[in-house]
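Asker: Here's a structure for you.
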Amino acid sequence: MTSKEIYPLRSTGTMMMISDQDLKLSTQLMLRIAELLLEFDANHEQSSFDPIPILKRISELLEQATDIFIKNDPDPLDDRHPHRTHPDSALGNILKIIFKNDDFMTKLVVSYILARDNVELNIQGSRLLLACIPGLDSKVVFSEPDDFIPRLYTWAGSEGTNETLQGYAMGLLAAALENTENASKYRNENALLVPFGLRRLHELQGRSLEEQKKIGQTDFSQLHAEQSTSNGTSIPSIKITSVDGSTKENEKTFVQSTDPPPPKKRRTEPCLTSLLRTEITQRVPSFHNLRNLDDSNSKWDILQPFLIGDQQVYPLSLATYQRFILQYLAACGEYQDLLLQTFEGNALEILFDYIDLEKSKDVRLTFDALKYLTSLLVHRKFALEFVNKGGIPALLKVPKTSLASVGVVTCLYYIAYSNDVMEILCQMSDEIVDETVQYVLWCLEHSHESGMASACMFFSQGLFYKAILRRFDQYDGPRKLHNYIATLTLMQNNEDVELTEEQIHTSTQCTRGVCTTFRSYLTAHIFIKVENYKKLYGNNLPTGMRFPELVQGDCPDYKSMKPYEEVCWQCEAIVTEMLRFTGSSFREAENLRKLGMVRMFLAVRVLSRDWENISPSLRTEMCVHALETLCMMFCLPSIQTELITQHSYNHSNYDGFTILLQTSLGRYDEDPSLRMAALGCIQRCVYVEPECWKAIIQRVKSSEEKSSSASKRQSKYEIIMNHLERMWTEVRKTDGIMALVNLINCKIPLTEADSIRKTATNTLTGLARHPEVRQILAKLPLIAHNGLQNLMREPVCSDKRDIHAAFCKEAVQLLQVIYGRKIHDQQGKEIQSSEKSHRQWVIENTQVSFNQAELLQLIHDHLLKSKLDSVAAMLKSEAKLPDRPASRSINTPILNKPLPSSGNNFSKINDTYPTLAPRTLESEIGGISARRPSNAASLSSPAMATRSHSTDDDVFATPTLPRRYTTSGAFPKKLMISPARQKLRPLTPGESSSGYRPIKDLNSIVTDYFRNQHSTCKNPVTTCPPFSLFYQHKCPELSYQTNVVRNISLRTLDQELLRPHERVYSQWTNERTIFSRFRNWKTIHDHDESYTKATFSVDDEHLIVGLFNGEVHWINVDTGLDEGHTNCHGSALTNIEPSKDGSMMLTSSAFSRPLSALWRLGEALQRVHTYREDSCVKFANTTMQRIVGTCRDKATVYDTETNHVLDTYLSGIDGLQYEKNYASFSPDDKLIFNDGLLWDVRKKNSAIHVFDRLSKITLFGTFHPHGTQIVINSEVYDIRTFRMLHHVPELNRCQVSFNSTGNIMYATEVTDVHCPDYDEKIFSSFRTFETRDYSALTTFEGRRPVIDLCASHQDQKMCVIEKVRPQMSDYMIQASTQLKIVEIGRLKDNEDENDEEEDEQREDHDEDEDSDESGDGDDDEEIGGNSSDRESVFRTLGRLGDESDSGSSVDDNDTLDDLDFENAQNRIIRRQAQRRRQRLNSSENDAELPGSDEGSDEDGDDDEDGEGDPDFDMGAAIDDLVDAVDEEVDEDELGTDGDDDDSGSWRTTNSIDSEDINLDDLDEEEARVVENEGNNERPARPVDPIEAAAAARRAILGRGLRDLRMGIRGGNRRRNGGGLEQAEMLNARAEEQRVSFMEALVRGAEAERREEEGGDDGESSSSSSSDTDEYQSEEEEINSVSTTALNPALRRRNRRPDDEA
């Protein structure tokens, strides 16, 4: 045997690929079985059929296959189907063939085994069923018929007369009792049969001894020349007497004549390598001649019966009979109610005989006895008796290489679970304990899979005993345990090997056992280290930590350390801090690191996700134990660096921190305990206990003070700090801040959310020790917006209030670390907000100084009031006090800190007192806080209270500052008293207080007075002028001293008169005003393809638009015409960037190669260069000579002219994997930002900074045009200091761009253009932000998802690409995007609002304004008719009318929105006039015009004047209604006739000038006629009747409009069912506008009447002019409402010529 053992990879299968000879033999057996079953199927229904011969032959074949199966040494404890464990074995395939024949199996159980009066048939049936036991399901086979199991009890008990049938019944009952339901059901039968079985074993043992005496001792030296049919052994058999008295012997078949497999194959079995050990030959005396067989080729044939064994079922041998009884007893052994029968039957004595292989002479008999012993060892009483009677030495006598060793190690595994038994074992002699550990370790390496698993589980429990643990290390146990898992095929990175479900299952069982054992191993060593620390340091650890109360003394070697598991986490923390602080080693953890266990445990976590068909509980337990073991290894700081190393798992590389963070974030199917375990590993790497942190900071400061400038060697504590900074940095690189913040905010799972939140907060506290992390956290909403305080209000789960209290404690500590000061919680009731905490800190750290003379003046005044004039006069003369307040006098001393009293020693603290230890200090703070619910005071003296930057937690202490123990100062100051005085008993009311010092002096009282006064300031500051006792203190208010007016017009006029800083403020205010106003100007959707990208040309005259098909179009901004296009790519364009001089242009596409290209602009686009793999290319900012391209995580800089690669910047493993990574130059082209990394263009080897990723979905970063900031998602960083300046949640997932000055930023959340679905729930918008403080200016609400946004270079217009609902027809789908051009700096008018509402209500985009201008005939036909026009009017106006009373007056007409009504009407009027001109220009013949108005006039009325003018046809229904209203009001309400009504001045008021008529597209001649006719008649009317007529007209008109609306709504609802709410909103607006308009007409009519009564009759032209002026004043009053459709006076003028005719 070689000195170095080779451990082949294991797939947990014990049988390799069988040879051709074995395969041929297996095939013959299966064919023979198939023939016999066919013969049975053909004859079993005949009355003369005798099943016994067929049963015998099938049984013989099965027994032969079983012997072949046994010779291959399968796992004896693996009770799975042979076909599952060994798919190529003959036994498994034969069993499958038999079980498929349901008729045969039914006959076998029902007819043959239970046959009456046919013992031979019962025997052969039971024999066959016993041979089928390895593949049977006991729940199914033994469930029916009901009398099956009772018949077996009858045969097996004392009533049975046939021994063979009795033995077979025992074997079948053993299989039946594997089902616990049967065991409980037949409890009484078992109580009778167990004693009988034990007595039967005594009898059979005696018979076996007699048979052995007859045979004599076997001499192995004679076995060379012998060849027996039993493969080298003689087994005593029982003569079975049949019914006819003849003796039945075993019949030989053709199968038995085949030669056994060649021994060379068997010699390659793993157990053969250990057969050469001399210790084994010396163990068993009968094996003394084994060494003579070393050179024999037949060695395995000789040794097989003694190491593996075999069995003879028919004729039933004595050994097999005893085995069946032992198997039955093993099935009953674990039941407590049968333990009494076991003791009464003296089972222990029987077992001692059977486990001695020298006595049993059968290894399988010994193995079955060990199985019975294992079932009895679950009882503590039996286990104690077994060990006390020498059971351990008896077990160790079983040869390791034999089959029975599996049973031995299983017994030891059961013993390990009993503490009392293990204590006895550990107190045995060293030889026995040593041999036990060696025996189990040998089985761990060389046994079957079940034996290895039992050995592993023995150590998982036994390693808590120091006696076992010490020997486990001594005999190289960790390495052997590592080999146990490392040799598994499952743990290899080999995807070519496919494992079966059975192999995966058994491999995962092995992995779980190893992880559990290693966890116990390191836990025990940590407990031992804690005990050693307690011996060495007592109760005072150098780190300031305390020992758990449970760990008080040294645990003996024979006692278990398992009770320490309750304080395991505290012990781990102590060991971690001590190893970090002292720099000592952890040898056991270091050895595991050398073995590669860090990678192995991480592999368990990573690879377990791909292991299918294993239970979630098994996967969780396995991974939790692996990560908990890993966490214990991280107690040694040097091992923590292993998490930085990249490891390969299934062709993917991961570092440890990534694995742990992803696990802690968790998936929906992962257990919370697994997330907690992963989070605990991260916490171990980044967290430092507060006590240890203080000690480290003190040592660092002292070492820096002692170190000389010449000494360059780092101190031990500097190395500690460097290691911590490295860990903090690595966690940040793997998105640690984002992950921890998300875990703190998580609320699922409900039961464990509080625990996860607590651990995450503790981990974030450790990470916040890093100053950059602290600065980032201070800007995040968790801290800045009091998110953490909100979480502290109540627990997630109401049953976890104790855990929530621990979380609140951790949260307070986190706030203290971030703020750098003590945070008190007002007796735990309410944690202060960040603003209040900062305010309090300012007040506490304000240096209080006051005038000493003023204090003496107050004392002087008090003496005068107390009638002590002489004392007051003496004080005034001695102190030279002025007559006025000293603060108003000069040359008065200022007291910067309290002065000591000359008469009392207690007013000054003795600095020679020793400073309190940190723990004593905390107890002092806790006591004061408990008595006084206030927030801080100095513990040392009033002088120390003025030192502002000294806190209790030296989180941010620098090495140059001395150590100060202070608190924050809101509670009254308490003098620092020596430890001896602290023990004094408090005074009682009756005791004298002359010997005690007062708590405060006068200076402290005055200081507190001033500090309380300072706390009332609105904006307190730390640096204040001297306080005065006579005048109220007040900090200066924040003032914005500027004379800039708010009015933008006045501000523009005064621009030249402003001061420089006022001009800056004015410019800032102007930009805020301009970029907070936007107005829709034009909408374009003239192309069939979708728009994907847009940008303005250099001169802002054209819009360069990219389409989905890869075309680039040049659209004129003013006209909206497409002036040219070029096909640039084969897929959607994702980026278009023209150069600054307009000579070149870069384009990028989605997926077609080349992805990007450079174009030269001229008369046509000319492609210059292509960039095949770069998904985005951009020009440099200061020059056109360089281009940066992005290919995944690589940024490449090209030369523009030559297209040569200048530099390449690869982010690699440090990249943050942005969702859209587009590299870009900084404004000065000195920096490049790519995938979260900032590069210096002069140094491409390493990035200068890696930004933290704080959001799961992050777009590319954008440099600020000023060159000092960069915007990454919702964070704004200063690229000079890399500090986070702002956190703007509104910028999350937004694409940002800047205006020309860089002072304004646009942001919008873009939608993926490749997504074909239109989500109506997505309503996108863009916002504008001011880049000074990134406050939002305005939000331009959009009703559709935004794909892209761009702004012109002159900041006049913007272009937004919106995704609209696609319109489908029979043959095509219209464009699903549109271009919306927005004007900057202009308010949105009502027409824009109506357009948006109209677009939402209709589904057909052909009705839009730009489509109508195209002159499509279909559009003319659709909109030309009266019915369609009338429908459009009411749809636009929201269906005029209101369900409320139309006659109700409007209280405040100034609040009405007049523009909606006017613009909606004028827009329709203009469109109809435009169509009229188009029809007139297209043809001279009116009859040939398409879309005639007459054909579409639904009301049947001809157009007025017969001209077919559509300007008024659209309101025909409203005209008729208004006419009826006029007549009804005149005749009924006012009592006048119709003629007067037609010629009334209020109706024909001349308030519409020629411009308004031209606005409605009337001919000038018609307008002039209308005006002249309107001036002919002006009858006078009283004022009151006119106002009454107006009120009546409003009421009747409102009712009529409602009726008209209700009549039309039914037809419109079918087209506009989704827009009813918008229509109702417009109803109210339209009604209010109508009322206002009618009242304006009444006021105009009244003014005209009064003018005529005054006698002022001028000419028609002058009257027209004056009337026009009047109307202009009225127009201002009613907000320019000039709607023709609702102007009854104007309609009267147009109809009057027809009436007169």
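Quick reminder: no glycine exception, Cβ is built from N, Cα and C everywhere.
Annotation comment: Swiss-Prot describes 224-245, 888-906 as compositional bias 'Polar residues'. The feature region 'Disordered' is assigned by Swiss-Prot to 224-269, 883-906, 932-961, 1384-1559, 1566-1585, 1641-1701. Per Swiss-Prot, domain 'LisH' is recorded for 851-883. Marked as repeat 'WD 1' by Swiss-Prot: 1086-1125. Among the features that Swiss-Prot reports, repeat 'WD 2' is placed at 1128-1169. Feature annotation from Swiss-Prot assigns repeat 'WD 3' to 1171-1210. The repeat 'WD 4' annotation in Swiss-Prot covers 1215-1252. Taken from Swiss-Prot, the feature motif 'DWD box 1' covers 1237-1245. Residues annotated as motif 'DWD box 2' in Swiss-Prot, with similarity to another entry given as evidence: 1275-1282. Per Swiss-Prot, compositional bias 'Acidic residues' is recorded for 1390-1423, 1451-1461, 1494-1512, 1520-1543, 1667-1678. Taken from Swiss-Prot, the feature compositional bias 'Basic residues' applies to 1468-1479. Residues or ranges marked as compositional bias 'Basic and acidic residues' in Swiss-Prot: 1567-1581.
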Asker: Sort the residues of the repeat 'WD 3' (1171-1210) into helix, strand and coil with DSSP and give the three counts.
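Answerer: Secondary-structure breakdown of the repeat 'WD 3' (1171-1210): 0 helix, 23 strand, 17 coil.
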Asker: For a three-state summary based on DSSP, what are the helix, strand and coil counts in the domain 'LisH' (851-883)?
Answerer: 25 helix, 1 strand, 7 coil
Asker: Mean pLDDT over the domain 'LisH' (851-883): what is the value?
Answerer: 83
Asker: Give me the DSSP three-state residue breakdown of the repeat 'WD 2' (1128-1169), ordered helix, strand, coil.
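Answerer: For the repeat 'WD 2' (1128-1169), the helix, strand and coil counts are 0 helix, 21 strand, 21 coil.
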Asker: Would you list the DSSP helix, strand and coil counts for the residues of the motif 'DWD box 2' (1275-1282)?
Answerer: 0 helix, 4 strand, 4 coil
Asker: By DSSP, how many residues in the motif 'DWD box 1' (1237-1245) are helix, how many strand, and how many coil?
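Answerer: So the motif 'DWD box 1' (1237-1245) is made up of 0 helix, 5 strand, 4 coil.
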Asker: With DSSP as the yardstick, break the repeat 'WD 4' (1215-1252) down into helix, strand and coil residue counts.
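Answerer: Taking each residue of the repeat 'WD 4' (1215-1252) in turn, the totals are 0 helix, 13 strand, 25 coil.
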Asker: Write out how many residues of the repeat 'WD 1' (1086-1125) are helix, how many strand and how many coil, based on DSSP.
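Answerer: Helix/strand/coil tally for the repeat 'WD 1' (1086-1125): 0 helix, 22 strand, 18 coil.
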